[in-house]
Amino acid sequence: MKKKVAIIGAGVSGLAAIRSCLEEGLEPTCFERSDDVGGLWKFSDHIEEGRASIYQSVFTNSSKEMMCFPDFPYPDDFPNFMHHSKLQEYITSFAKEKNLLKYIQFETPVTSINKCPNFSTTGKWEVTTEKHGKKETAVFDATMICSGHHIFPHVPKDSFPGLNRFKGKCFHSRDYKEPGIWKGKRVLVIGLGNSGCDIAAELSHVAQKVTISSRSGSWVMSRVWDDGYPWDMVVLTRFQTFLKNNLPTAISDWWYTRQMNARFKHENYGLVPLNRTLRKEPVFNDELPARILCGMVTIKPNVKEFTETSAVFEDGTMFEAIDCVIFATGYGYAYPFLDDSIIKSRNNEVTLYKGVFPPQLEKPTMAVIGLVQSLGATIPITDLQARWAAQVIKGTCTLPSVNDMMDDIDEKMGEKFKWYGNSTTIQTDYIVYMDELASFIGAKPNLLWLFLKDPRLAVEVFFGPCSPYQFRLVGPGKWSGARNAILTQWDRSLKPMKTRVVSKVQKSCSHFYSRLLRLLAVPVLLIALFLVLI
């Protein structure tokens, strides 16, 4: 008899989970509280309780070749960085193409998930849902939590003395939709993340004055990188990851800081992070530096206190006559339908083995998909997480002992502290993490074998973008089109921009080899510098 799996949420994580269950011969039932797939990317012009929310102008920060489902490339004419409506179109197309919609119960929120009385022997769960006021409970052999982590706003009001006296409007960035109503107003944005920078840059075109308050600063990256290519196709390579993790720390830190300052010197703009060498996820914004340069956005330190109409910053300066304060301060991790101790089993921190499995459960029949942050895209991560989880639920893969899993969590937390500091417990190193998950299911590319068998492909896999197709080259669920997708990914990235015929200066292959030479030159120079210094 097929094992029944309850999947909560029909965003990209939920769709990956449904598909993975079907690939492993499991029987999925997905519960989605809204009336459509897409999750975070399904735009609504109003705020819906219990659902993620985005603003009208949102574009992706990952490019199309790096954020697709591994066996389902985007159409050639799709732009590299998409408006949310184009991504929603792709997600819907994927769900239809893979015949996933029939496994989804829409407008059916999950109200509770509880262990069955005999959980210690069966690992089964009681899942209670509610539709049109009617509650139903069903028993499942396993559950996959795919409801995301952009639902419950984190607004640290206690950290801002006097905020209760402030007479202007005050709300979280989750409630922001479009800039028109703030025309001619004075706006303070608290937080220097992606949402805060997007909102501030957009508001600066209509507001009288926009100020961003940041406690610790941030690196601000452009989506456009070397030679005008998408940043992630140039930066997220196995070669660069190898250098980052194996060069001496001093050289690695110097190289990282140099990369971050390649576009502009952050110190001059008041943006430089307090700790410049931490690998916290940078902000992606192509417009913010220009808005600062034009005087339309001002960067300030943390707010010391509020008055009725103003904000006093820690440097003693003030922003007066404020009409609105927008808290772009992130989200909390919460699953109200689930016992909180399952996900946060220690010190109120997310405690999951490899970011997926609660280690303390008697049976490994619950998986959390998509509860990670990374410099890489979410879709390929959720695909690998779901494939691994489905194999564990089926019994094809097994997990280590509880002690071994907890030891691994402790080790990973130490590594995260080194690279990302103490503020981001769910951030991870993209390629290292993807390879780790892929190795569990036999989907990790064998580079040595590739260099012997298919040198052309091997060079692109190692030196080129670590695109999702790499994880469907081998193993269960391998895709026959993966090799061609990898070898033609640069062409697809250029296709939507070639709307005017120009004379060719050089062929794409010469571009590849020139890029390869530049990449090889950097570590040679760094190693030479290191040898001179010692």
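Cβ from N, Cα, C; glycine included.
The annotation FAD binding site is assigned in Swiss-Prot to Gly9, Ala10, Gly11, Val12, Ser13, Glu32, Leu40, Trp41, Asn61, Ser62. According to Swiss-Prot, the NADP(+) binding site annotation covers Thr60, Asn61, Ser195, Gly196, Cys197, Asp198, on the basis of similarity to another entry. Taken from Swiss-Prot, the feature phosphoserine covers Ser401. The transmembrane segment annotation in Swiss-Prot covers 514-534 and rests on sequence analysis.
Looking only at other Cβ atoms within 10 Å, the busiest spot among the recorded positions Thr60, Ser195, Ser401 turns out to be Ser195. Counting in whole angstrom, Asn61 (FAD binding site) lies 11 from Asp198 (NADP(+) binding site) by their C-alpha atoms. With Gly9, Ala10, Gly11, Val12, Ser13, Glu32, Leu40, Trp41, Asn61, Ser62 listed as the residues that bind FAD, the site has a largest C-alpha separation of 26 Å. Here the Cβ of Gly11 (FAD binding site) has 28 other Cβ atoms within 10 Å, regardless of which shown protein chain they belong to. Of the binding-site residues Ser13, Asn61, Ser13 has the largest number of other Cβ atoms within 10 Å of its own Cβ. As a whole number, the greatest separation of Cα atoms within the NADP(+)-binding residue list Thr60, Asn61, Ser195, Gly196, Cys197, Asp198 is 15 Å.
Annotation for Cys197 (NADP(+) binding site): spatial neighbours Ile212, Val220, Val283, Asn285, Leu288, criterion Cβ-Cβ under 8 Å with sequence separation of six or more.
Look at the binding-site residues Gly9, Gly196 and count other Cβ atoms within 10 Å of each Cβ; Gly196 has the fewest. It is 21 Å from the Cα atom of Ser13 (FAD binding site) to that of Ser195 (NADP(+) binding site).
Geometry remark: Leu40 (FAD binding site) versus Thr60 (NADP(+) binding site), CA distance 12 Å. Distance from the CA of Ser195 (NADP(+) binding site) to the CA of Gly9 (FAD binding site) is 23 Å. Cβ-based neighbour count (10 Å, all protein chains) for Leu40 (FAD binding site) stands at 23. Taking only the Cα positions, the spacing between Gly196 (NADP(+) binding site) and Gly11 (FAD binding site) is 23 angstrom.
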